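Here is what Swiss-Prot says about this protein:
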| type | residues | note |
| --- | --- | --- |
| BINDING | Asp34, Asp36, Ser38, Ser40, Glu45 | Ca(2+) 1 binding site |
| BINDING | Asp70, Asn72, Ser74, Thr76, Glu81 | Ca(2+) 2 binding site |
| BINDING | Asp106, Ser108, Asp110, Asp117 | Ca(2+) 3 binding site |
| DOMAIN | 21-56 | domain 'EF-hand 1' |
| DOMAIN | 57-92 | domain 'EF-hand 2' |
| DOMAIN | 93-128 | domain 'EF-hand 3' |
| DOMAIN | 136-172 | domain 'EF-hand 4' |
| MOD_RES | Ser38 | phosphoserine |
| MOD_RES | Ser40 | phosphoserine |
| MOD_RES | Ser74 | phosphoserine |
Amino acid sequence: MDTADAIVEKLRAQCLARGAAGIQGLARFFRRLDRDGSRSLDAGELRQGLAKLGLALDEAEAQSVCRRWDRNGSGTLDLEEFLRALRPPMSQAREAVIAAAFAKLDRSGDGVVTLGDLRGVYSGRNHPKVRTGEWTEDEVLRRFLDNFDSSEKDGQVTLAEFQDYYSGLSASVDTDEEFVAMMSSAWQL
């Protein structure tokens with residue numbers, strides 16, 4: 001195992017120790033480090049971010065990680081590819097059921113789930129806070145969507161964000177059969 005793989009394994013272990021939301025939390029953390037919105041991190045940003053998580057890298061290690069996930073020769077790591085590598089490996093059955101659940105939510109088929117998509121498959125009408133007048137139905141839908149959304153809370157959930165959410169949960173479910181049954185029941189697939 002080379003340096004970059006060892007670092008990913010350490011980060012993955014930290015995420016799994018945090019439970020089902022660990023990968024999603026780390027994804028949010030790294031996306032916040034991307035201050036310029038380039039969807040990439042340079043070695044300095046990576047070192048700084050990992051240090052905040054208690055994982056110290058020297059310059060050579062940070063460069064190694066950046067080189068591994070540098071998709072365009074810019075010297076920076078592609079954030080989405082790096083986060084994809086951090087997700088615990090999932091079987092094809094798990095990936096397929098997550099994709100099916102996402103597709104059910106993505107009513108418009110444009111690759112993102114929005115409030116408009118949710119209105120067709122999820123009703124907030126009977127939510128206790130709607131019934132008391134505290135929230136509107138749209139507020140319920142937005143808060144539901146925020147569970148899966150990245151830290152920007154842009155009101156859109158991509159398949160990658162949906163996978164981030166479920167990858168941590170997947171790691172805590174022993175068998176594919178249990179995971180598929182859970183997802184099928186939750187999303188009425």
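Heads up, the Cβ atoms here are built off N, Cα and C, so glycines get one too.
Since the structure is predicted, the reported quantities are computational estimates derived from the model, not experimental observations.
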Least surrounded among the binding-site residues, given as Asp70, Glu81, Asp110, when other CB atoms within 10 Å are counted: Asp110
Folded-back contacts onto the domain 'EF-hand 1' (21-56), same chain, C-beta under 8 angstroms, at least six residues removed: 7, 10-11, 14-15, 62-63, 65-66, 74-80, 82-83, 86-88, 150-152, 161, 164-165, 167-168
Packing count at Asn72 (Ca(2+) 2 binding site) (other Cβ atoms within 10 Å of its Cβ): 8
Among Ser40, Ser74, Ser108, which are binding-site residues, the residue with the most C-beta atoms within 10 angstroms of its C-beta: Ser40
Ser38 (Ca(2+) 1 binding site): secondary structure state under DSSP, collapsed to three categories: coil
When distances run from the Cα of Asp34 (Ca(2+) 1 binding site) to each of the binding-site residues Asp70, Asp106, Asp117, the nearest one: Asp70
For the domain 'EF-hand 4' (136-172), residues assigned helix / strand / coil by DSSP: 23 helix, 2 strand, 12 coil
Sparsest-packed of the listed binding-site residues (Asp34, Asp36, Asp106) - C-beta count within 10 angstroms: Asp36
Structural state census, the domain 'EF-hand 3' (93-128) (DSSP three-state): 19 helix, 2 strand, 15 coil
DSSP-assigned states of the domain 'EF-hand 2' (57-92) in counts, ordered helix, strand, coil: 19 helix, 2 strand, 15 coil
Of the binding-site residues listed as Ser38, Ser108, Asp117, the one whose CA lies nearest the CA of Glu81 (Ca(2+) 2 binding site): Ser38
Reduced DSSP assignment, Glu45 (Ca(2+) 1 binding site): helix
Listed in sequence order, residues with CB under 8 A of Glu45 (Ca(2+) 1 binding site) and six or more positions away: Leu33, Asp34, Arg35
